[in-house]
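Here is what TrEMBL records for this protein:
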{"type": "TRANSMEM", "residues": "A:12-29", "note": "transmembrane segment"}
{"type": "TRANSMEM", "residues": "A:41-60", "note": "transmembrane segment"}
{"type": "TRANSMEM", "residues": "A:80-102", "note": "transmembrane segment"}
{"type": "TRANSMEM", "residues": "A:109-128", "note": "transmembrane segment"}
{"type": "TRANSMEM", "residues": "A:140-164", "note": "transmembrane segment"}
{"type": "TRANSMEM", "residues": "A:176-203", "note": "transmembrane segment"}
């Protein structure tokens, strides 16, 4: 979903930086507090961050559009720590990719953090909270991850449509969604399965986390 | 799941499996033909192989951390239960 380096006009680059910075800083402070409160959280933060690293490095082919796209891996972090910490963790991963892989970029880092770290995970978090006591943990992890992943790409499409409205913003949004949101459907489902498996492992190790949720 | 991913590959021609990012780039060129990217990456992997390497390193770092933490805590739990 990375908007490539230089592909957002400066006004939008600044705008998304401003939006993201608030969440990333708050998420960083919150991460620090969580570690101080309970050292166990350090391990969980590492797992959540590691999961984002792995999943966002996998370019998965999608039969819907015949192109490749990668999952975001933000579902686990969202369930355990909420969207702000997820914004912080995502920003780290996106920075790695911008600097070492030329995927995404420094000028588009704000926009990419907003989609992958903030709005997508926030949508997932709302679903997670709504389903929390209604479905099993694994089912919830699957749905949360799918929603967080898929919304990330919807947001990317909207960000590009805002910056490149063409003749009509709605047509432009549909064009980008035809690329990103469509490609992403099977990728999001794959991510959901991975997330459900991982939360299953975490639950085996630490029942409390899963029952209470760190953010709860 | 891996099987599903690999099995679908022959369904399309090889050149079709490009990144969605590149398709978006093409769409931007159609919507705003005059737009010029105003900033280029500070550093780009010198070849596709090196790019793959760095992607693998990213996956490796993540997988190591996840595996290490889960493995260590799992082992700790076993020791406590023993």
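Cβ coordinates are placed from backbone N, Cα and C, and glycine is handled just like the others.
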Any chance the transmembrane segment (A:80-102) and the transmembrane segment (A:12-29) are in contact, meaning at least three CB pairs closer than 8 A with a sequence separation of 6+? yes
By a Cβ-Cβ criterion of under 8 Å, what residues six or more beyond either terminus of the transmembrane segment (A:12-29) are in contact with it? 83-89, 91, 107-111, 113-114, 117-118, 159, 162-163
Long-range environment of the transmembrane segment (A:41-60) - Cβ separation under 8 angstroms, sequence gap at least 6: 31, 34-35, 68-74, 76-77, 80-81, 85-86, 89-90, 92-93, 96-97, 116, 186-187, 190-191, 194-195, 198, 202, 206, 209, 214
